[in-house]
Structures are given as structure tokens and as C-alpha cells.
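Novice: Before anything else, here's the structure in question.
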Amino acid sequence: MAEHESLEFGKADFVLLDSVSLDEFMANLKLRFEKGRIYSYIGEVVVSVNPYRAMNIYGRDTIEQYKGRELYERPPHLFAIADAAYKAMKRRNKDTCIVISGESGAGKTEASKYIMQYIAAITNPSQRAEVERVKNMLLKSNCVLEAFGNAKTNRNDNSSRFGKYMDINFDFKGDPIGGHINNYLLEKSRVIFQQEGERSFHSFYQLVKGAPDAQLRSLHIQRDPTAYTYIKVGGQIKSSINDSADFKAVTDAMKVIGFTTEEIQTVYKILATILHLGNLKFGSDGDVTLIENSKLVSVLGDLLSTKDENVEKALLYRTVATGRDVIDKQHTHQEASYGRDALAKAIYERLFCWIVGRINDVIEVKNYDARVHGKNTVIGVLDIYGFEIFQNNSFEQFCINYCNEKLQQLFIQLVLKQEQEEYQREGIPWKHIDYFNNQIIVDLVEQQHKGIFAVLDEACMNVGKVTDEMFLQALNGKLAKHAHYTSRKLSPTDKNLEFDRDFRIRHYAGDVVYSVVGFIDKNKDTLFQDFKRLLYNSSNPVLKAMWPEGKLSITEVTKRPLTAATLFKNSMISLVENLASKEPYYVRCIKPNDVKSPLLFEHERCKHQVEYLGLLENVRVRRAGFANRQTYPRFLQRYKMISEFTWPNHDLPSDKEAVERLLQGCGFEHDVAYGKTKVFIRTPRTIFSLEEQRAEMVKRIVLFLQKVWRGTLARMRYRRMRAALIIIRAYRRYKVKSYIREVNRRFKNVRGMKDHGKHVKWPTPPKVLRKFEEALRNIYNRWWAWTLIKDLSPEEMVQIRAKVATLECLKGQRADLGLQRAWEGNYLVSKKDSPGTASSFTLVSSDLQRKDKFMRVLFSCNVRKINRFNKAEDRALLITDRHLYKMDPVKLYKPMKSIPLYNVTGVSISPGKDQLVVFHTKDNRDLIVCLQGMVPAGDSRIGELVGTLLSHFKSEKRKLQVNIVSPIHCSMNGRKCTVIVETKINQSQPDFTKSRSGYILSVPGN
């Protein structure tokens, strides 16, 4: 029972149908096709319906699903039958074969390729180079054989026009080590003639459309298939086949297989020869037959590496030996045309057989000694034409249908034989099964002296003119009383048969009417000896090797060659004997419609194929005894959850007793039989009931397992998380302790260091302590700062606070902040800045202190300012903790103006080295000054002024806005203006000048 397929897809195995009838069979087949299930089983036979579309069911994942599995463990598939054949070969050391049958277009060739692909994928796990080489050769051989043996027909774009049987040899480990290919009945008549809408063999179109221009020129070939008579019909067809790409793929494959460059070139020379032969035209001049387009003779001579006159003579004359005399008998127009076509067919057939032989030379097992390497086992794959019924059935269809009769006979015999052997092996009573034995039809064709082939050969051996009508008369005489043969002469009222042309055979698959027209010629398969000698005498060694019989001279007596019918009959008998010696597996291919549609299922079309493939008969044989059988361990493994006595494991003496207890518990003991190693189940309903109970229990088991497994996963996850947490905590503690110990070690003696540990490098903290490290650094920095300032006087502390305020405000925005020197603040009392006027400033400052009650002087300095008349003048600037005073140094520092400090809202300075300061006031009467008179002259006091004011404002909890910009925007007497700083080289002192937008402060450039 195939797993993972519900009944909505129909029954995966036709043996499990409720009732065995053609209608039930067809309904199930149609349902599965419509649901996209192209494979079904009949026991161990795979039924395949061509889907006419690409299906994603052949990839590596699918291969892994079927590898090593039993047939019923997975949904039906080609891979299942391939794996079963491989397992039987490997486990039981038995030769096996896979027989693929069905009509043209049913998908036989694709099936054989997928089987090869599967076997290649599951073998050679150790990747041995020699085994990989063999696998590659086997796969590449398909590509070459398809090019030369397949053609587009009205039924199929890639129809195999020959039968192929491939043996794959395996060593004792189950790895492929070689192979051998047999080919049967190539349809060589296709070389010279094709039905409307069909093509000749792919190789011709690949050459014409895909070969490089230089190669075509050397072969005298045009890139136009319609220019050649033999392939003209196919050249007019628009097709999806990419002949150009296929040419390269085939050439590459031939190189990989081992064809030499000379051999490949000879192959294409032969194809070109056939194309040119088709264009040869014969004419008559009286009684003399001539070649009308004689230029082609030299082309043929060049391609065949022989003399032009020899080619012409072989085409127009036939050498005949009469006693000791040898004469050249000229052909009639009709004989010349027949000889030309016979040569074209023979050359192509010989080429194809040579290619197969060349591939065999490469892939055959060499130097294999069973005593050293173990037994060499084989899997055979047979891809051969299916039963054919056309509007006009000729010699080829007769041979093909005879082949199918032989294979059907083998199929039924082997299936019955397998069933009977299995029953006997297991000790189950065997019940005789009636079935249609088509041995009578096989005898009708192949029986000595009486069979159709014997009558045909006898007619061909008669002296004198023998016609197809004479052959039909001989058949009527010998087979008049045969139940499966008739003709118009024997059934005069049957108007479906033509007099002197048709005969009918009642095959197992249905009645087929054959036309005897061409039977004699096709059976004789006559090729004049002159052509054989011509080709043997070629200077091309490859071509010469293809025609060894051309070595004989005309006077040498030779045996009459075997006829085509005899050769085919012998090959079929040999094939059947070969297959019968192996354990067979079957793939039966069905074509759902004639229009290659992936959606259309033509009931009558498929019904006919089901009948002639004998599928219903196969179901009946399989169902005659027991519908299903499984080994006891396998049965228990699948159904043990149904019974409490077998779940999870039984304690009974044997698996057989456990299976009996299980089936008794289910009430099925009357519908089963117990063999030695297997349980046999009679009706499909028992299987379905077991499957339903199993499906119900599997749900409960899965839920239980999910519950247990989820709990297990949760506990495992919890234990892992808890362990991880403990480890993390321990590690964190370790890292924290290590960090603190390292900090303690490095900073242990900082009190005694000159720089109090400023040079000590801090250790890298763990991530968890980064914020702690920041706090620790801040603590250290505060301590370090405290150690520096703890011994300072109050005056020094004021200066430190001012410098800190300057650094915070102006760092990175002005270059020289004056932080490295002592800040005096009240520079006008210094004799350095005001050597002659310091005393006068001191007196005025004291008077102002008494008058305005200020506590201390913050800053004083000489400045250059702009007055209200836009004139620059020298003044002194005094800033106390309460007022800002503007003084005239000329008038002994007489106060000119005072601005309450609370009226000052901010100051603006430039980012340069100049000493420009603008004091902004609430009444928009800003004060613009430039500090001057510094000693030494290069000193900058802007930083000191800004820092002192910021520190003072901060102590009074007021905010002072400091702007570092250029140009500076301000207000003079309520009018907006701009102050720009410019550098002048010849300027000795800073000075202001009026500009259109405000003022320009010119400062010295050096």
C-alpha cells in the first residue's frame, strides 16, 4: 500500500480496486491522471501515463525518498521499481531486468532515462573515478543513440525508431563497472521516406542546422534541409526541437565516450553522403541509364574516399558472374533508383550498428575476474517499440507486433510463474488461473515451415520473379484453417480487406490488417554486392571497417544472407531467453491522447492501450489469490500500533504469532493466510481497514510523541539556559573581581606619584562595568582635581574657576586662550601696562568703589572703541562685580559712561587671534571695543575676559550668552550693524574704520 496518498487521488495500486472491471480500471486511471498522479502500481508493475509536461518529481530530494525503500512505502514512481530491481540484484545477487513497453509517444524513452539517472545517483558513494567514468559513458550513450535512432513522428517529437536493450554490469559492491547495448530493427526506411508531418532521424537535421560553416563547406552541404530530397518533408516542419544545440551536445557526448576526431568526421561524411544520394537523378538516353547531375558523383567520391568512376559504375551497373565469366549488367532507370535508395538505407543502418558497437567497445567490462573481484551481476533495461496499429501496416509493424506478442507471452508466463513460485515457497495452496495464452499467435508467426516468417522466407528463396501477391497466396494456402488468420480470399464478405493485398491477424491486443505490399523486398533487404565492394575499397579506414563482406570478389561463392525476418526472429528469441533468465520488473507506458495535451484523457484511446498491454489481465492474475502479501517483520512494523499486544513491541515467541494475534484482534483472521515468511491478505477491503486504523492510531501516536518531545525539548532548553545563566553569572563575577583587583593594583600608590596617577593606563572593563568605569573615572578625576586645588588661596581659586569657564566655552573655537599665564584681571593698576598712570587709575577706582559700593574689580584694560560719531578713540575699560565703566585715560581715567552689569546680556568675539569684544546690552546700545596695550604685546586677554565674566555670572546664577562668530552682528544706538575683522600687513595697531554695513577692525598682519 503506497504511503502518503489519500483516496482523493484514487487507488495507487489497481490490485486494490473494489471490483476488477475495465470500467473501474479506466475510471481510476483517469482520476489519477487528472490529479497529477502519473504513476500507479499493479502489484510490482508500474503503469505510467505520459503527462506531456515537465514534472518536479525527479530531483535529488525525490531520489533520497525512494532510496532503499520497499515498493509500498512510498507513492508509485519509476524510482521505486528501479530501486527494487537494484536491491534484488545487490541483496540476492540475482540478475534483474526492467522491461519498458508501450506505443510510440507513451514515454518509454524518458522512462528509461529516468531509471538510468536513478541508478547513477544511488551508486558509487565512495566516488571512485573509474565508476564515475562508466556512469558518465552510460548516460552520454543515450544522447548519441537518440540522435541517430530517434525521429519526430506525428505521435511523438522524440520517437525511438529502434529497439534498445542495455545491460548494466555491477561489481560485488553494487557499483556500475560497464555495460552492453543491443539494438533491434532500426526503421531504416525512414531514411528515404517519411509520412507527411514527420521527420527523418534527428542526426540529419542536427548536421544541416548545427554544424559550423567550415564543416558544411567541406561536406558540400547547404544550411537548408529542404534542399535535400530525403529530408525535404521534415525540413518544412516547424518544430520546438533545437537541432543546433543538439548537434553540439551530441558531438561533445561522442568525444566523452571516446570517438576519435577522424571517426566523428567519418560519421558526418556518411550523413552527408546519404543526403547527396537522395539528390541523385537518373535519366535515360535510349537504352542507356545516365546520372543527370553528374557533379554529385565527384562529391560522393570525395566523401566516401574512393574514385569517382567507381562510384558511377556502382550506381549504374551491376557485376554478374556467370560461371567463370564476369559481366557488367547495366541498370534500368528503376533498378538504379532502387539501388540508390537501398544503398542509402544500408549505409545508415551500418553506421548506426557501428556506433552501437563503438559504444560497446568503450563501456564493456574489461579485465574482470570473478575469482578476484566477486560475481558480476546485471540490470537490463529494455526500451522497445510498443504494439502498433496504423492506417497502413506493413512489414515493420508486423515485426514490431510480433515482438510485442513475444514480450506479452513472457510477461504473463513470468508473472504467473512468480506467483506460483511464491505460493509454493510459502506453503499456500495454488489455485489455477485461466488466462489468454498467446503462444498460438507466436507460433503463427515464427513456427518452422508453417509460420508467416517461414512462408515469407520460402517465397524470397524461390527462383524467378516472386511478387507480394504470390506470398499472400502461399499464406492463404498454409493458414486457411488458422483461427487467428484471415484474408479477403478466406473471408470474401469482409470488405475491410482488399483482394491480393491484405491479411488480418487476431493479436492479443486486437485485430490488425497488414498490407503485403513491400514484404518481399523488405525481407530480402537486397543490397548489390558492388556497393559493398565499393565501400570496402574506400581509403577511409573507419568506413572500410564497416563493410568487411566487401572483401569477397564476385567469383567467390557465398552463403545466401539471412533474411530480415529471420534475423529479427532470432534476435527476439535470444532477447526473450535473456529476459527469462533474469528477475523481471515492468513499466507499462500509456499515451493519454494524440495531441500531446497535459489535460486531455481520451477514454477510448487509453482503453485500447490498456487492453493490448494486458493490464486488466495482470490485475486478475495478481488478484486471483491474494491481493496483498508482506513479510511478517514488515507487516508488524507498519501495523503494530493497532493492537495492544504488539505495541510498542511484542513479547510473543515469533513475529508470525504476533501478526496472527493482531489480525485476530481486528477480526480479519478469515480473510488471511499465513505463509512461512509472509502474511497473505485476500481482499483489498482488509488492507483499507488496516490502513484506516493505522492512520487513526498514527495521529494519536504523533500527538503523544509531540507532547513528550516538546516536554523533553523544553526541559533540555531550560537546563541549557540555567547552566548558561550560572556560567554567565560566575564569569561576570570573575571578570568584575578581576577588573577591580587590576584597578586596585594599578592605582594603589597614586598618592605618592608626582602626577597623582595621571599617566596610569586604565584597564579595559567588562561590558557590564562600562558605566561603573565612567563613574570611577569621574571619582578619580574629581579626586585628582581636588589634590591640585586643595592648597590654593581664594584668589587662586577664583582664577582657576575663570580658566575652567573659558576652557568649557572656547575650547576648539579660539587658538590662544591664555591659560598658561597668570591672570591678573586688573591690568590698569599694573605698572607694566600703565607705567605713568597706574596711580591715577587707583584713585579713580577707589572713588568709584565708595560711590557704587562694588566689592571687587573683575577686569580692567586699555581699549580702542567706536564713539557715537563713528570715530575710533582710546579708552580704558573697567569691569567690576556691579558695573562696566568706560574711562578716558587722557583725562586721568575720568569715567565717561557706566553700564550696570545686569544690563549686559552677552558678549561676541571672533574665532581669530584679534582682541575684538562686543558687549550686548538690553537697550541695544552695544559696546564695541578692541583690547590693546598688552605687555608683552602678543598676549591675548580675550579668554581671560570671557572666563572672568562667565565665572562671575555663574556665581550670581545668571546666564551670559557668548558668541564666537565672524562677522559679528550688533546694534549701535539702536541701529543694526556688522563688525568685520581684516588683516593688513602695514597696520601697526588695531583700528576701526567705517564701512557700508558697519565697521571694519583692521589688525596687523604680522
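Using N, Cα and C of the backbone, Cβ positions are placed for all residues, glycine too.
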Novice: Kindly point out the range from 20-42, 296-318, 434-456, 572-594 that TrEMBL annotates with region 'Actin-binding'.
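Specialist: That would be 572-594, the stretch labelled region 'Actin-binding' in TrEMBL.
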Novice: For each of the binding-site residues (GLY102, GLY105, GLY107), count the other CB atoms lying within 10 A of its CB, then report the residue with the highest count.
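Specialist: Counting Cβ neighbours within 10 Å, the top one is GLY102.
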Novice: Considering the binding-site residues SER104, THR109, which residue's Cβ sits among the greatest number of other Cβ atoms within 10 Å?
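Specialist: Max Cβ neighbours within 10 Å, all protein chains included: THR109.
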Novice: How many other Cβ atoms sit within 10 Å of the Cβ of ALA106 (ATP binding site)?
Specialist: 24
Novice: If you count Cβ atoms within 10 Å of the Cβ of GLU103 (ATP binding site), leaving out that atom itself, what do you get?
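Specialist: A 10 Å sphere around the Cβ of GLU103 (ATP binding site) contains 25 other Cβ atoms.
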Novice: Counting only residues 6+ away from its ends, which parts of the chain sit with a Cβ under 8 Å from the region 'Actin-binding' (572-594)?
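Specialist: Result: 29, 33, 42, 44-50, 52, 78, 81, 84-85, 88, 94-108, 111, 115, 155, 165, 182, 184, 378, 380, 382, 386, 402-403, 406-407, 409-411, 414, 446, 600-602, 605-606, 609-610, 613, 615.
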Novice: Provide the three-state DSSP residue tally for the region 'Actin-binding' (572-594): helix first, then strand, then coil.
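Specialist: Its residues fall into 9 helix, 8 strand, 6 coil.
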Novice: Would you mind giving the whole-number mean pLDDT across the domain 'Myosin motor' (9-695)?
Specialist: 83
Novice: With an 8 Å cut-off on Cβ-Cβ distance and a minimum sequence separation of at least 6, pull the same-chain contacts of LYS108 (ATP binding site), or say none.
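Specialist: The answer is ILE100, SER101, GLY102, SER160, ASP383, ILE384, GLY386, VAL587, CYS589.
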